[in-house]
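Listed features, source TrEMBL:
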type     : residues                                   : note
ACT_SITE : His226                                     : active site, tele-hemiaminal-histidine intermediate
BINDING  : Gly62, Ser63, Gly64, His65, Lys113, Asp118 : substrate binding site
DOMAIN   : 11-341                                     : domain 'DhaK'
DOMAIN   : 381-583                                    : domain 'DhaL'
Amino acid sequence: MAFQGKKLINNPDDVVTEFIEGLVETYPGLQYLDGFPQIKVVLRADVERGAYDKVAVISGGGSGHEPAHAGFVGPGMLTAAVSGDVFASPPVDSILAAIRAVTGPMGCLLIVKNYTGDRLNFGLAAEQAKSEGYKMEMVIVGDDCALPPPRGIAGRRGLAGTILVHKVAGAAADAGLSLADVAAEAKHASEVVGTMGVALSVCTLPGQVTSDRLGPKQMELGLGIHGEPGVAVVDLQPVDVVVEHVLKQILSQETQYLPITRGSNAVLLINGLGATPIMELMIAARKAVPELQLEYGIAVDRVYTGTLMTSLDMAGLSITIMKSDENILKRLDAPTKAPAWPVGSEGNRPPAKFPVPVPPSPSVKDDEILAQPQELSKQGCILEAAIEASATEIINLKDILNEWDGKVGDGDCGTTMYRGATAILEDMKKRYPMNDAAGTINEIGATIRRVMGGTSGILYDILFKAAYASLKQSTSVTANEWADALEASVAAVSKYGGASTGYRTMLDALIPASTVLKQRLKAGEDPVTAFIASSEAASAGAESTKQMQAKAGRSSYIAPDLLASIPDPGAMAAAAWYRAAALAVKNKLHGSKS
């Protein structure tokens, strides 16, 4: 069912002008032209009308693609950008106003994305400006590689590759070249660049309903930047598969959209379409570079990754490839103060990058790595059974832990615990000295430290490190030593994490467990029975978190009424693995007797 898109805006009709107002407040080097808001032109604040002594470079188009195009105004890039309403070409009067405001005796180059409205409005403005005596040139960028030729009179759409053309032209103009030379470099750049987009969602225009064109497990290939349908709707694929497909389309020898062959050099741009996290863009970049180099024999000279030309709040990305040469790299590397151009991306790329070696730990030498003994003692067998049962229980609880955490935290408790549990099962086979309880506990901590991460990872690492420090003091590990180790580990987590009973954390399970275990053993109770009783206390403590107001962790930021009836996932996880360990020990020791 369609629903109203949620936006942090005021009046939908004012989004473009209010964006421009915020932009010029943020960047002192930008200014808007008199006649605003009817005339939506952003220009360099340092350019005086009629006095600019270099070629003016102007671009623009419909809004909704921010930071393009206004974010690329600045020395070394665009002299001015003209904005239309959302996804609507700017009117001729606005384009003319920009031309008149920044064009000096060197003339003006218009860079236009290949859409009919943009071509017509910018073209008419150029003709009017010529009649007024301005020297004018126009370069049209059509870099879309998704649709096979022929494209009729419409031609290929202008996409994110336009930004690279902006940079080449802006740097050429800044270097003092003539209008003919700047236009020639821009035209050449436009002819060696190709782009294709992939969307996971359709954008929502301000004040309008959200489209349900794409299902929850679908993606769209080859769409434009205005939300128009692409070439095909397909099932959602891993990003590596997506990158492979997009590169194949851009570099297709059938369409021959790009004059790039094996042995060529290229520039790569991974562009977010508005709602794509930088993490996902970087994952795509990490696949695209070796794919170009190894599969296509193309040397990648530069990589630009970021959100540069968007489609409002669309989730997805586009990939752009530009054939590079010495002059194009010189223009791309030239300095610019345009606020949206990616900083720090210039410079030669090494042919390959290798991880920096990690210094070895001073406490463990390679020849001292612990390994599981050939034959387990009785205690070793019990410890192995307890660890295996605990880890398996956590693996089985992954989804429910994530579900709880999605309601009271950040939704990854189950995944984080699962990562630790699976690594423990793997490491247990090859490096845990099961006959040495203290050594095994220390190794579990090392496993957790290596794979879990986040707050849970460090807290469990502290837990096991403190338990190890307690256990290694004893020559033989008895039930009382295990109880002391649990008490010490709980104290350490409380000390460094700052939580205690009633804070709605894993300690609400482990503190009752530790207390009951100590009490039952002190009273002379059978250790296994005491262990089972303490595990029941852990489960009860975890369940009691449903009624608690969080005082620690991410849940402390959530309103109490949203926490009601949802247990703390960290406490439930702790109770679960502790209970599984207790039952495993009971089965190992008493199972044959019952």
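Backbone N, Cα and C define each Cβ position, glycine as well.
The C-beta environment of Lys113 (substrate binding site), restricted to residues of the same chain at least 6 apart in sequence and closer than 8 Å, consists of Gly61, Ile140, Val141, Gly142, Arg157, Gly158, Leu159, Thr162. Counting other Cβ atoms within 10 Å of each Cβ, the lowest count among the recorded positions His65, His226 belongs to His226. When the neighbouring Cβ atoms lying within 10 Å are counted for each of the binding-site residues (Gly62, Gly64), the highest count belongs to Gly64. If you average pLDDT over the domain 'DhaK' (11-341) in this model, you get 93.
Here the CA atom of His226 (active site, tele-hemiaminal-histidine intermediate) lies 9 Å from the CA atom of Gly62 (substrate binding site). The residues near the substrate site, meaning same-chain residues not in Gly62, Ser63, Gly64, His65, Lys113, Asp118 whose C-beta sits within 8 angstroms of the mean position of the site's C-beta atoms, are Gly60, Gly61, Ala68, His69, Ser83, Gly84, Phe87, Ala88, Ser89, Tyr115, Ile225, His226, in sequence order. Residues within less than 8 Å, Cβ to Cβ, of Asp118 (substrate binding site) and separated from it by at least 6 positions along the same chain comprise Gly61, Gly62, Ser89, Val112, Gly158. Within the same chain, the residues at least 6 positions away from Ser63 (substrate binding site) whose Cβ sits under 8 Å from its Cβ are Val15, Val16, Phe19, Lys40, Ser83, Gly84, Asp85, Val86, Phe87, Ala88, listed in sequence order. The two recorded residues, Gly64 (substrate binding site) and His226 (active site, tele-hemiaminal-histidine intermediate), show a Cα separation of 8 Å.
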